[in-house]
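What follows is a set of notes on a single structure, which appears directly below.
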Amino acid sequence: MDVLHFLFGVFGNATALFLFLAPTITFKRIIRSKSIEQFSGIPYVMTLLNCLLSAWYGLPFVSKNNVLVSTINGAGSAIETIYVLIFIIYAPKKEKAKVLGLLTLVITIFTGVALVSLFALHGNARKLFCGCAAAVFSIIMYGSPLSIMRTVIKTKSVEYMPFFLSLFVFLCGTSWFVYGLLGRDPFVAVPNGVGCGLGALQLILYFIYRNNKGEAKKPISTHSLEIGPGKVHQEKKLVANGSHDERV
């Protein structure tokens, strides 16, 4: 049981790392053009909060046998911080102020959760408090693709829902779901069970509409899907002159 628990945790780390690195194409584009164009920085700031809370929850003095949760979410926190900093550097003043304000709120929330759990709570109460906070934001992040799924159904095209991202959302959610079940940890199992289900729905939609990929012929405003572990990045992209932006 312990070996399986560890193996699913390692597999979860691998799939989650892929999802964390998925937006690098977007940020290469931002750096190259020195502009954020139509991209939104909000998903990255919110994913940073999710990673911070999940990394904190996985620490041994909060929950036992969840070090692998801390390792991948600690890495995710570092990666998301880089994304947010790049976004702030190239964002116009109005967008920069909005993202900085949200980043301040995120840091405040995480600091509050950490301080309360350290000095006001102990034992199971600490685990319950931190676990609920991490689980809520994980479910919110996994729920982000609902918008792009609605777009796929409406347009009957998977042009902006890449197969491999959907696949890795499913694999990541499934691996951490099983990890949580084996470790009897509902704060890991429940949100990732939601992620597993949503990932499966994305794959079903992909196979239903896969033959319609790329059929859109007129300029449209749409959403592109980018994923982070235990969570999903959703960004606005402007499609002009019948062509679309770079995407994963």
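Placement of Cβ uses the backbone N, Cα and C atoms for every residue, glycine included.
Residues or ranges marked as transmembrane segment in TrEMBL: 6-27 (among others).
Taken from TrEMBL, the feature transmembrane segment applies to 39-59 (among others).
The transmembrane segment feature in TrEMBL is assigned to 71-92 (among others). Sequence-distant neighbours of the transmembrane segment (71-92) (same chain, 6+ residues past either end, Cβ-Cβ under 8 Å): 12-13, 16-17, 20-21, 23, 27, 30-31, 34-36, 39, 41, 44-45, 47-48, 50-52, 54-55, 58, 99-100, 103, 228-230.
What TrEMBL lists as transmembrane segment is 99-122 (among others).
The transmembrane segment annotation in TrEMBL covers 128-148 (among others).
The transmembrane segment feature in TrEMBL is assigned to 160-182 (among others).
Feature annotation from TrEMBL assigns transmembrane segment to 188-209 (among others).
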Check: Which of 39-59, 128-148, 188-209 has the most Cβ pairs closer than 8 Å to the transmembrane segment (99-122)?
Finding: 39-59
